Amino acid sequence: MDGGGEEVFTDGEGQMLPYSARKRGGWATFPFIAGALIGSSIAASGWANNLIVYMIEKFHVRSIDATQTFNIVAASTSLLPMVAAILADSFLGCFSIVWISSLISILGIILIALTAMLDPLLPQPCQHGSTSCPTPSKVQFCILYSGIALAAVGVAGTRFTIAAIGANQFDNSKDQRVFFNWFAISLYTSMVLGATVIVYIEENVSWVFGYWLCVAVNVIGLVVFLSGKRYYRHIKPQGSPFLSLAHVVVATIVKRKVPLSSRAEDYYHKEDGPKEKPVSLPSKSFRFPNHAAAMETEEDSKVNSWRLCSVQQVEDFKNLLRIFPLLSSGVLMCTTLPVISTLTILQTLTVDCHLGPDMKVPAGSMIVFILTSTAINLTLIDRFLFPLWKKITLRSPMPLHRIGLGHLFNMTGMAVASLVESRRLKLAQTHSVLDHPGSVVPMFVLWLVPQLVLVGLVTLYYQEFPQPLRSTAAAMISVVVGFAYYLSTTVIDLVRRVTKWLPDDINNGRLGNVYLMFAMMQMLNFFYFLFCAKCYKYHSVEGGNKNSDDESSKS
């Protein structure tokens, strides 16, 4: 430290920090951040995973309508993090977004808990032996859906923002990698706890007690998070990467008539931070966005406006354009996850769920098989399947090979689901269950596990993007999943309109045909993915743009 000022340090993103701020952050903040993550994740897993069952049993919602509602909620929790990220990065900061979102989530779960606790907010129960049940009033539906909406907004605003504020506490990438490993462990563990312990309490003890337990753990998580405020390193909002993409689009349109130069000096190479390096021409592929970085006059570089972008911003935008076909194939691929996770719950409600005389698997806990098997299978694939691939082919599998493997698992999972449903429906016909609604099909619940395990490996899709594009892909994956949930909802609604495959009682339908249809869609999507993968080229981003248009290798 010199005599004229205080020593400065940089965070993981290159932002300069005073010495006083350097004392904050580090692993001392992890217990507070982990406490917030665990509390919010247990609560979210507890109320969300059993939402379909609650709507069917307590609000008498038609089974398929309940799954559609759940998918819309899940889609919103996947798309809204983008809004939360923009607010955190550009205006409020991560800390404010986390505590505000936590409060919104708590308020939403309280409303859901009140619907279970107060008789005026809950419709009358069905009469014993009756096939028709009282319809909830508009007020009852309004309170329920308001609670669900608030709780979903809260989940969307906390989970990914907690990850961002956690990464900001560390200076070097090694500590950040270790943090994200522990973050993933904490997230998966808490989701499993919510989907088992709290879901079991809701179905076997009391819905009221289960929901208020969700409120309690969420409040505890928020209190723990706020307790660590003085230890956090608070990074001033610097702008969102999503806004940066929009900046390139706007600047390209505004300056579309500006001629492109062949000199690197005629392009903008500075941002508000350190000078970009190396100074080079924008890549020749996708030339049109290069207009955004072209300088008309020297004064352009001194004006902070939406008329001018840096070369690096333009190249980041091009990376997104290059990866867009792969992302589009991922939208259709990810539709199987909401389909299999929700319709399997309806199957579970019809089969024998007993694991013993006193132990019964709750339908809302079936998601646990996806969570646990995914973690185990990814380990097996990394430790055994991919090394075997390398031994046979003498080459390590490329990232796009791994994504393709995820496509194959996905397609196989839907085909297996169709076969299992055919067996379930045959048993229902053999034992005359079709004539007795509410009767149990004599089929063990674990028959439904393989389809969950296989489709759960869709996570290979978003874990294995090529390194130069991984940060861009990570930012867009939640958007892809959100659109996939909306698309699955649209497809299911279309199937209900033009076929009789999905009646309220799936024993009288053809759910197997729905699974088979999605398997065929995945097969066509796999061919589309192969086409996209063949056309895609890896680009040497780290080495500058000089060779960015040269193909280094193909997947």
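Keep in mind that glycine also has a Cβ here, set from the backbone N, Cα and C atoms.
Note that the structure is a prediction, hence the values are computed from the model and not measured.
Annotation comment: TrEMBL describes 26-48 (among others) as transmembrane segment.
Residues annotated as transmembrane segment in TrEMBL: 68-88 (among others). Outside the transmembrane segment (68-88) by six or more residues, the chain places 48, 51-52, 55, 61, 94, 96-97, 101, 148-149, 152-153, 155-157, 159-161, 164, 237, 240, 242-243, 338, 342, 475, 478-479, 481-486, 488-489, 492-493 with a CB less than 8 A from a CB of the stretch.
The transmembrane segment annotation in TrEMBL covers 95-118 (among others).
The feature transmembrane segment is assigned by TrEMBL to 143-167 (among others).
Marked as transmembrane segment by TrEMBL: 179-201 (among others).
Remote same-chain partners of the transmembrane segment (207-226), defined as residues 6 or more beyond its termini with a Cβ less than 8 Å from a stretch Cβ, comprise 31-33, 35-40, 42-43, 46-47, 50, 54, 58, 98-99, 102-103, 105-106, 109-110, 112-113, 116-117, 194, 198-199, 201. According to TrEMBL, the transmembrane segment annotation covers 207-226 (among others).
Within its own chain, the transmembrane segment (323-346) is flanked in space by residues 52-53, 63-64, 67, 70-71, 74, 363-364, 366-367, 370, 400, 403, 406-407, 410, 413-414, 417, 448, 451-452, 455-456, 458, 461-462, 465, 469, 472-473, 476-477, 480-481, 483-485, 487-489, 491-492, 506, 511, 514-515, 518, 521-522, 525, 528-529, 532-533, 535-536, which lie at least six positions past its ends and keep a Cβ under 8 Å from the stretch. The feature transmembrane segment is assigned by TrEMBL to 323-346 (among others).
A Cβ distance under 8 Å defines the sequence-distant neighbours of the transmembrane segment (366-388), meaning residues of its chain 6+ beyond its ends; these are 45, 49, 188, 191-192, 195-196, 341, 344-345, 348, 396-397, 402, 405, 448-449, 452-453, 455-457, 459-460, 463. Annotation comment: TrEMBL describes 366-388 (among others) as transmembrane segment.
Long-range contacts of the transmembrane segment (400-420) within the same chain: residues 326, 329, 333, 336, 339-340, 344, 381, 386, 389, 447-448, 450-461, 463-466, 512-513, 515-516, 518-519, 522-523, 525-526, 529-530, 533, 536, 555, each at least 6 residues beyond the stretch ends and with a Cβ under 8 Å from a Cβ of the stretch. Annotated transmembrane segment per TrEMBL: 400-420 (among others), in sequence order.
Here TrEMBL flags 440-462 (among others) as transmembrane segment. Under 8 Å from some Cβ of the transmembrane segment (440-462) lie the Cβ atoms of residues 330, 333-334, 336-337, 340-341, 344, 347-348, 350-353, 361, 366, 369-371, 373-374, 377-378, 381, 402-403, 405-407, 409-410, 412-414, 416-417, 420, 423-424, 427-428, 431, 433, 473-474, 477, 480, 507, 515, all in the same chain and six or more residues away from its ends.
Annotation comment: TrEMBL describes 474-492 (among others) as transmembrane segment.
The transmembrane segment annotation in TrEMBL covers 512-531 (among others).
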Would you kindly check 143-167, 179-201, 474-492, 512-531 and say which stretch has the most C-beta pairs under 8 angstroms to the transmembrane segment (95-118)?
143-167
Against which stretches of its own chain does the transmembrane segment (512-531) lie, if we need a Cβ under 8 Å and a gap of at least six residues from its ends?
326, 329, 332-333, 335-336, 339-340, 343, 403-404, 407-408, 410-411, 414-415, 417-419, 421-422, 425, 451, 491-492, 495, 499, 501-502
